[in-house]
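Student: Below is the structure I would like to discuss, written out as structure tokens.
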């Protein structure tokens, strides 16, 4: 109950931010030359002026900008995200269809980056300035410096084109119709390369943070006390150091959730995944205002939710931080 | 040296102008799934409402037109079995095929043709609205006859050439109630074609399966067609190599990848089967800028660009120099290369610019122009930088302004805020359908790919109008020759490069490219070798 009340308060506090973001996006897109009918004309290779006028009426573009924004906000107040111009469906439906791949990709990339970042960071810290540390740190630097679209394409060339181990793109094998566990495995196979591509750059960040944070905590007094008590080194690291060293990692997850949503545009394009990132890109190109604002709205909610979970995790990891304060 | 050289490819390209069915001796094999690259998702898939290659590549297998083109590029009946035209060009009668059913089991009749022509082609279909502007009514004396009545003469040649693209039929019983544009059948099409629509997952794929009741006996051969949505060109090329995609239509891969895959024995990169889909690169001048209203300046710009050099070094084997707005593949109306041309000659260009009174100023610059390249196709991006470099040599400084599709159309064709623009002119079977609108004055502001240059020539307008309603094919051909000569002299815009779209086939596909609009056609005789 306490958690729910907290969640409600958080959401209420973010409402003004959300409103500002939406209005900003709306106005920004007005500055972009051309509207969704121009985009439609480009796509179909032309049409006459009467056709264009009729389409503008059809999409409700004949109203003024202020009226359009006001109508949009009014509808949003009733949780109606409007109608998508390019998909011809309610925006909420379009987004709900695209949300699972993005969330799956984000969750798997985050878990991958978090888990391996943690393990490699701990190993590097415990062997600091010896060869495992040098190796891990160099690898981390390489991952951090590689652009993800390039890494994705190279992964496709090696694992799909030459070795033919993994599919080159898509979310599932559409020439087969799998059910049950086979369908899950099929999707998992399709997500291996995208997860690696999206996760590696974050892995590099996490391992650097984890290494630094471990080194700092290892030098603190309570660690010396623990060792003086006669605890084994493994126990010292697992019970005393790790928990404290994880605080900055958790902070980062909250901060980077938004970045990851943005980074998935590239990965979704390269691997032809039907996710939210690509939808956002298409909406901008097609000037589909309703869809774009809907995505911004949902993404903002997602980031707020993740940060909320992070706050609760904080309190768990460090009892001195109360979630009430 | 392995593989064909660029010269060989050029020769192969010209030999392929008349498509011949490859390996016609083999026995077709039933079954298999043809996977196709779908680069840009469309809002709707109904070719009766939207004339674009992105729609035909899917909708053209599910719905059928009255006519298609045969291997030699002549009109051949699909849903129409035969046709005749009155000598005055005011009525055209189509006898329709009997025993054809829609995918939902209802019979196909002349009422469907009447409804589609009057409610879709004449009112909504882009290009169709212009073509059918003077269509008064479609009479249906019986269930298998449709008589098109026009208020002004409609040349038979024009109608028959236009109908393979602009003649797709939709079922009346599905569309007659409610708003046509919002009908769910626009994204889940119902047709008479060899393949039935199964599923469309936005952003992922479209699936169609064999229509067991198709009117052609024992066809189609394929079990399924799957269109895979892949927006990234490099990723699509990788999927072709991994065997996940068997066919990449309409130059959907990068120029480098098309050339690379063309050298790979598993694939064929060819213009065969796209002869009906030719485009020319344009250079559009804004006459509102007084500098460009001077014909000497426009001619000087044309003389400054070394087109053969550009094609040889940037576009490779898939392009050739253009000679005017009517491309050389248009066998009926191409007036030959002996029209006024603008060869590369910088000395002449410099002289013309001097004569026009534009002396070189500081840094050798005569004047500055804005160039808007259209954002579709990497050839346009390359061509615009080439223009910038070349015009720099004769003292014209170019600022390139890059915009996305919506922004480009708005800025160039509605706001006219450009000096030079460059994009594609897509030739659609007949100059009256796609080409003369680029030159005819009186186009409403904002209509893309029409005369928005602030230029008007009454003599040329008169030729265009006469040709559009001339029913005698010989006179019509002569009028279009006059038209090309006039616009190549006046140069309101210039079309110096001619390109046919490139298909990349996996060699397992048989009967691929066996008509000039193959990628758009029905694929009823396409089959897959093991």
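In case you wondered, yes, glycine gets a Cβ from its N, Cα and C as well.
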Student: Which one of these stretches, A:187-207, A:208-228, shows up in TrEMBL as transmembrane segment?
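Tutor: Going through A:187-207, A:208-228 one by one, TrEMBL flags A:187-207 as transmembrane segment.
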Student: Among A:48-76, A:135-163, find the range that TrEMBL records as transmembrane segment.
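Tutor: Within the set A:48-76, A:135-163, TrEMBL attaches transmembrane segment to A:135-163.
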Student: The transmembrane segment (A:12-32): which same-chain residues, six or more beyond its ends, come within Cβ distance under 8 Å?
Tutor: 65, 68-69, 72-73, 76, 284, 287, 289, 292-293, 296-297, 300-301, 304
Student: Okay, the transmembrane segment (A:103-123) and the transmembrane segment (A:187-207): do they have at least three CB pairs under 8 Å, pairs separated by 6 or more?
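Tutor: These two stretches do touch.
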Student: Report, as numbers and ranges, every residue of the chain located at least six residues beyond the transmembrane segment (A:292-315) whose Cβ falls under 8 Å of a Cβ in that stretch; write 'none' if there are none.
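Tutor: Same-chain contacts beyond the ends: 3, 6-7, 10-11, 14, 17-18, 21-22, 25-26, 29, 72, 76, 81-82, 84, 91-92, 94-95, 99, 103, 247, 250-251, 253-254, 257-258, 261, 276, 279-280, 283-284, 321-323.
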